[in-house]
Amino acid sequence: MAATPSHLISTSISIILLILSSLMEFLVLASANPTSPALLLHSLPAMVLPLYLSTPNSSSRTSSNPRRLLQRSESLNRPNARMRLYDDLLRNGYYTTRLWIGTPPQRFALIVDTGSTVTYVPCASCEMCGRHQDPKFDPEESSTYKAVKCNIDCTCDSDKVNCIYERQYAEMSTSSGVLGEDLVSFGNQSELAPQRAVFGCENLETGDLYSQHADGIMGLGRGDLSVVDQLVDKGVISDSFSLCYGGMDIGGGSMVLGGFTTPSDMVFIHSNPVRSPYYNLDLKEIHIAGKRLSLNPSVFDGKHGTVLDSGTTYAYLPEAAFLAFKDGIMKELSSLKQIRGPDPNYNDICFSTDESEVSHPSDTFPTVDMVFGSGKKLTLSPENYLFRHSKVRGAYCLGFFQNGKDPTTLLGGIVVRNTLVTYDRENSKIGFWKTNCSELWERLHQSVSPPAMPPASGDKNSTPGVTPTLAPTGAPPYVLPGELQIGKITFDMSLNISYSDLKPHITELAEFIAQELEVNTSQLRVPNLNGLFQVYMLKFAANGNDSLISWAVFPADSTESISNTTAAVIVARLAEHRLQFPVMFGSYELLGWRVEPKEKRSWWQRSYVVVLSILGILVIALSVVGLLFLLRHRQRTVNPYKPVNAAVPEQELQPL
């Protein structure tokens, strides 16, 4: 039905009044506070969104983003993408996840970065890109790739043909390239089906981006090009994601794109999306060993405020806050010897402890509490503000630094090690829950069976009639079922390095495997467990660009078995991803582990060595007797018996 002129006039007047009302509100805010965020919006990147008329009976808009409000009721019913994190925060400086782009899929190791808003990988045509973990993305090899053509919503190249992106980071590294759209997959543990998404195809990278082992960046920040924003806008996930970084010396972890049922005791802190383009927190106080630092809360509110950034390794405080923090820590540790840091180029603050306390730094170092505007606090254990000295056993260094002259407080990944962090963007809050992030992944995927190893022809390492014993469902991955007489431990791992590249270094890898298990390749001893074992490689196969390897651990003495305690220690090191390899081997994924009971042997299998030994002795004895008989017979033949008076040839006497 056509609209009447009076209806059109009424609608137009309503729109004009709405615009005038918004303008008046803006002027009032500006006059009241000249530094209001409303006046600073011109410095942020523009975000072009379509406008829709609301229905008359729509809910009241209590959220600053009504577009997100519509998804609240069904947020937990939507699928999520559960993805593993790799690498180690301090050894690599970052954590990576795996993303597959194109048809057929091309795999990439991408740094998870909440401070970036674009996802990009090196393009096959890039001549100014470094050598990274995986081959470059080749658009020509993907049947689903489409270039993003120049339009009013993007920055165009000089020829006005394609959309481009450019990014520069605080350490002065840069990335630039063209924008493309293709099918993105999140791995076989993900409930989320592959989705089309826009990403960057690099034509140039400099600085750390050029030299890093990882392929590129997975942007999790707020922005049109963010993977999270694109999936939310499609309506396939709720407006939330979570990260869980592994603890000290462990590495690995988990990531979830989308929502899930969070723990009831998770601590949520407000995060104001208008305050800055980053994920910020309203930090007010820092306590060391229960004592509040004498600081004005405004010290944490400079520039971007307090920002949580997964792509930053350490924590950085404004000058006044850092000096107070350093003095507070040193006061609590006045009894410890202060030593030089591992890198002479930096003035690290390090402390030497008794070696007996190496595995329990919480017994020596104080807890640190961060108190926020809501009065809620985040407690940091020593692993959340310290890192191990790489050259001195039993020494730790401070992982908090001064942020130059920048008044921003930057909380990097070290602050949230072994902490599940949920970025609930829909409700403008961030949740924290202390947990073992290495175990969290196994709990999330306990129902997923590990992929089978390719069959190896002529494999003689399997024991007929022995059924492998898997870890019980619902239990931590290294809890062994019952008190078994264990005869063998086997485990399968996947390394993100090609078969041809790994094959010449397989012996070297075996040495690193043994070293990381704290054992020897031939006869290996697990410390303090009084057991001798042997390690063998059972299978070695290719799986696309990856390598699959099976290993086995046996008792050196075939009459012995592996105790449950010893087996649990070995399996724990595997399940908790404590194995750290040189960069040349990339990172590994534990596909599964098994313990096999000691085989019950027959009388002959138990005694055949003794029987064969007795038979061997008898054979040797008979051989010796026979040899003596032959020698004696030969002597009689050479020197026949002569009568006493028989004539014999005269022999010449030898001179004296």
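Each residue's number is its place along the chain shown, starting with 1.
Cβ atoms here come from the backbone N, Cα and C positions, even for glycine.
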Completion exercise
Range annotated region 'Disordered' in TrEMBL (choices 128-147, 348-367, 448-467) is 448-467
Exercise for the section: State the count of C-beta atoms found within 10 angstroms of the C-beta of D113 (active site), not counting that atom itself. Expected result: 22
Problem - Count of other CB atoms lying within 10 Å of the CB belonging to D309 (active site) - result: 23
